[in-house]
Amino acid sequence: MSIALFPGSFDPLTNGHLDIIERASLMFDKVVVGVGYNTGKKALFTPEEKLALISEVVSDLPNVEVAIMHGLTVQFMAEIGARFIVRGLRNSKDFEYERDIAGVNSALADVETILLLAKPENQNISSSMVKEIGSMGADNMAKFVPKVVVDALKERLN
């Protein structure tokens with residue numbers, strides 16, 4: 001069984017993230033969306049809130065699971081039996097970063113990094129941008145995030 005991990009902070013999940021999840025679900029027997037967190041960063045949503053939001057959004061994808069990650073990515077991959085890491089690339093800056101991380105991960109464990117190019121309509125979407133425009137009261141957030149996330153953002157930011 002081919003198992004892939006799609007890790008991220010997902011604060012919040014964007015349509016770009018969702019596109020990568022959907023495409024990865026067609027490539028692997030199982031995809032685990034790994035909700036990571038950085039205790040040094042102030043997140044808008046808790047890991048548990050992100051897990052609930054993402055689980056609702058991907059509920060129609062039978063081979064996709066959502067879990068909160070602990071420890072190193074490669075350690076979490078061993079726990080879930082994943083050999084592949086899926087990452088999305090929006091631009092060359094993302095590529096440089098992901099290439100370096102892929103090298104470290106492959107040095108630590110027998111893992112392969114699969115890089116998927118963002119679709120043109122998602123290349124400018126980032127969680128930071130979504131939070132910024134959401135905090136300014138933008139009404140058309142559905143262009144950037146799934147509806148359940150729009151509702152959660154409106155509740156959290158207003």
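Placement of Cβ uses the backbone N, Cα and C atoms for every residue, glycine included.
What you are looking at is a predicted structure, and each value in this text was computed from that prediction instead of being measured.
Summarising the annotation, Swiss-Prot assigns ATP binding site to SER9, PHE10, HIS17, GLY88, LEU89, ARG90, GLU98, ASN122, GLN123, ASN124, ILE125, SER126, SER127, SER128 and lists sequence analysis as the type of evidence. Residues annotated as substrate binding site in Swiss-Prot: SER9, LYS41, THR73, ARG87. Residues annotated as site 'Transition state stabilizer' in Swiss-Prot: HIS17.
Summarising the environment of HIS17 (ATP binding site), the number of other Cβ atoms within 10 Å of its Cβ, over all protein chains shown, is 24. Long-range Cβ neighbours of LEU89 (ATP binding site) (same chain, at least 6 residues apart, Cβ-Cβ under 8 Å): PHE95, GLU98, LEU115, LEU116, LEU117, ALA118. Across SER9, PHE10, HIS17, GLY88, LEU89, ARG90, GLU98, ASN122, GLN123, ASN124, ILE125, SER126, SER127, SER128, which the record gives as binding ATP, the greatest C-alpha separation is 18 Å.
In this structure, the C-alpha atom of GLN123 (ATP binding site) lies 13 angstrom from that of ARG87 (substrate binding site). Its own atom aside, the Cβ of SER127 (ATP binding site) has 21 Cβ atoms within 10 angstroms in the protein chains shown. Cα-Cα distance from HIS17 (ATP binding site) to LYS41 (substrate binding site): 20 Å (rounded to the nearest whole number). When Cα-Cα distances from THR73 (substrate binding site) are compared across the binding-site residues SER9, ILE125, SER127, the shortest belongs to SER9. Remark: of the binding-site residues LYS41, ARG87, the most isolated position is LYS41 (fewest other Cβ atoms within 10 Å of its Cβ).
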